[in-house]
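Notes to accompany the following structure.
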Amino acid sequence: MTRLYLTRHGETQWNLIGKVQGSLDSGLTEKGIMQAVKLGKYLDNTNIDIIYSSSSNRAYNTAKAITGDRKIKIIKSDKLKEMNLGIWEGKTFEYIEKEYTDMFDTFWNRPHLVKEFPGETFSEFRKRVVGAVLEIIDNNKDKDILIVAHALVLKVVMSFFENRPLERLFEDHHMYSTCINEVEIVDNNYKIVRYNETPHYDIEVS
């Protein structure tokens, strides 16, 4: 059996002020670093054979903080980067909703209908990230894998495991910073064990 853990990066500076990151980057806050350290402590007795991280610094630095002193190889991948949001990147959600009202509404409420978009469409994005994750699974059979990526990456990948269509992508909660998603894989059958959980938030670390 292959076991896959997926988490989102810790809180960032742009998360705090409501700016869209996408393919751009911003640094982890002190809280974001601590979220990753706490997740690492929570997973301390959990076997992890290998870690794959988005090549964005906010994800890679989260992966390093999770790893701590454990000797686990971290592989960076451009294919795990967040959705390219084009001209929205670096702008606040408030500004985007005001200036791109119709497109903003379609993006969040009818993502399967996003066609004329300045960045990736959801179909393009889903093909990229799901393809990357399936390749990782194929290359690491019967191993325990941790993927550190982004909110939309996790949303799209978990929707694939759930067999959930794109039009229902945002019908539940946003992926929390350093949340835990866990999937068991046997013979191309996927069982979701945990979804968007944050049991480590209350852990005390010195």
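Cβ atoms are placed via backbone N, Cα and C, with glycine included.
Taken from TrEMBL, the feature substrate binding site applies to Arg8, His9, Gly10, Glu11, Thr12, Gln13, Trp14, Asn15, Arg58. Residues annotated as active site, tele-phosphohistidine intermediate in TrEMBL: His9. The active site, proton donor/acceptor annotation in TrEMBL covers Glu82.
Positions of TrEMBL features highlighted on the structure.
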residue	record	Cβ contacts under 8 Å, 6 or more apart
Arg8	substrate binding site	Val148, Ala149, His150, Ala151, Leu154, Met175, Tyr176, Ser177, Thr178, Cys179
His9	active site, tele-phosphohistidine intermediate	Leu28, Gly32, Ala36, Ser54, Ser56, Arg58, Ala59, Asn61, Thr62, Val148, Ala149, His150, Ser177, Thr178
Gly10	substrate binding site	Leu28, Thr29, Lys31, Gly32, Ile33, Met34, Gln35, Ala36, Arg58, Thr62, Ala65, Ser177, Thr178
Thr12	substrate binding site	Gln21, Ser26, Gly27, Leu28, Thr29, Gly32, Arg58
Trp14	substrate binding site	Val20, Gln21, Ser26
Glu82	active site, proton donor/acceptor	Gln21, Gly22, Ser23, Ser54, Ser56, Ala149, His150, Ala151, Leu152, Val153
Count of other CB atoms lying within 10 Å of the CB belonging to Arg58 (substrate binding site): 26
Using DSSP and collapsing to three states, where does Arg58 (substrate binding site) fall: helix, strand or coil? helix
May I have the list of same-chain residues other than Arg8, His9, Gly10, Glu11, Thr12, Gln13, Trp14, Asn15, Arg58 whose Cβ is within 8 Å of the Cβ centroid of the recorded substrate site, in sequence order? Gln21, Ser26, Gly27, Leu28, Thr29, Gly32, Ser177
How would DSSP class Trp14 (substrate binding site) in three states? helix
DSSP-derived structure type at Arg8 (substrate binding site), helix or strand or else coil: strand
